[in-house]
Amino acid sequence: MKLPVRYLIVILTFICTSVCYIERVGFSIGYTVAADSVGVNQSSKGTILSTFYYGYACSQVPGGWAAQRIGGRRVLLLSFLLWSLTCALLPLDPNRVILLVVARLLVGVAQGFIFPSIHTVLAQWVPPHERSRSVSLTTSGMYLGAALGMLLLPTLVKFRGPQSVFLAEAALGASWSLLWFKYAIDPKSTASGVGELVLPINKKMDSHNKKVLSAKIPWVKILTSFPVWAIVVNNFTFHYALYVLMNWLPTYFELGLKLSLQDMGSSKMLPYLNMFLFSNIGGVVADYLITRRILSVTKTRKFLNTVGFLVASLALVVIPSFRTSGGAVFCSSVALGFLALGRAGFAVNHMDVAPRYAGIVMGVSNTAGTLAGIVGVDLTGKLLEAAKAANSDLSSPESWRTVFFIPGFLCIFSSFVFLLFSTGERIFD
């Protein structure tokens, strides 16, 4: 059976996001072990862990611009090769702070080009009636990658040392690059029209594509649009919660609950596995509601975004109240799962409002999401150092309440912003 090219593109972008998040979780796990072995304090750990997001923030909008001008396929390949090579060459030594900072900045810059490029590619290949589930499948790769990283990498670190994580990540990155180079192609038509399928190759469509790539980008209209800002606010909140949990859950399990990641077995991957499942459920439900005309595109986006974020806010706030591994895993699984469900609202909305400039709008909103990583990861380290100074015990639930309350409050606030200002209609030609 011959697989349609757009399905192959979606599968490859799904694998792409999986590998990227294996890298992010892998650095958190490997660096935490190496840093703890030499007595690095929590605030310093937070600074190093957040360095990635400074580079990531700097390249979001340039990534959207480059994908728009050069083509998402080429930009995606180059960015993957750059971060993979950096991981292959980086020595993981917590005492070589400057080298770690430079390397994490470089990896962050390289990976910052990836999601704007992916949105540009998907906007070109995927017709609107397949959009929710295609984007949800692609982004769910992040969570499957995080789950696999949490499951497999602690064991790799235990038997092969922290440096082995970087070598494994570099090998995965190089393997994906070969697949993308061999199988990915540029489309000869776009799928931006309502109900429009990918069209056969012809000169007229090829000319149209060149016109799209060279079109003037309406920066002022994008940056002053309330629906775009609704996406931006929700992207910030989503990534604040995600990055805080991704970078600090290992510390919460080990210091807050006195549990060993190796001894927790497969349970530590459940929050991310739940994200993988709920992300795809959200995509299927959204496309079902839209194609069966049960709800409009606008109401579908608002419904899934609101349900996802409000349930997640409740789960985040109660995490410190559970003092067993089962309770903490359950609450973090519910929080991350429903946040992923909410992506069928705000995350797909980039292509609803601006299919031609999806990479640009994604770059703008993902810059906000990256800033959330910088603020959230670093702030959490400082909050824990302050709690440690006050209580001298990070195993106390009081030391962690503010850490989880902040993203819980942001979820409530951003869901109301999306209800008020978002739309599912195209607002950019």
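Going from the start of the chain as shown, residues are counted 1 onward.
Every residue, even glycine, has its Cβ placed from backbone N, Cα and C.
TrEMBL does not curate its annotations; it predicts them automatically.
Annotated by TrEMBL as transmembrane segment, the relevant range among 160-181, 358-379 is 358-379. Long-range Cβ contacts of the transmembrane segment (303-321) within its own chain (Cβ-Cβ under 8 Å, at least 6 residues beyond either end) map to 234, 237, 241, 256, 278, 282, 285-286, 289, 295, 327-328, 331-332, 334-336, 338-346, 397-398, 400-401, 403-405, 407-409, 411-412, 414-415, 418-419, 422. Within the chain, the transmembrane segment (399-421) has long-range Cβ neighbours (under 8 A, six or more residues past its boundaries) at 226-227, 229-231, 233-234, 236-237, 240-241, 244, 248, 252, 256, 301-302, 305-306, 309-310, 312-314, 316-317, 319-320, 339, 342, 345-346, 376, 379-380, 383-384, 387-388, 391, 393. Contact between the transmembrane segment (327-346) and the transmembrane segment (226-249) is supported: at least 3 Cβ pairs lie under 8 Å, counting only residues 6 or more apart in sequence.
For the transmembrane segment (226-249), the list of distant contacts is 24-25, 28, 46, 49-50, 53, 146, 268, 271, 305, 309, 312, 316, 332, 335-336, 339, 342-343, 345-347, 349-350, 353-354, 361, 364-366, 368-373, 375-377, 380, 403, 406-407, 410-411, 413-415, 417-418, 420-423, 427: same-chain residues at least six beyond its ends, Cβ to Cβ under 8 Å.
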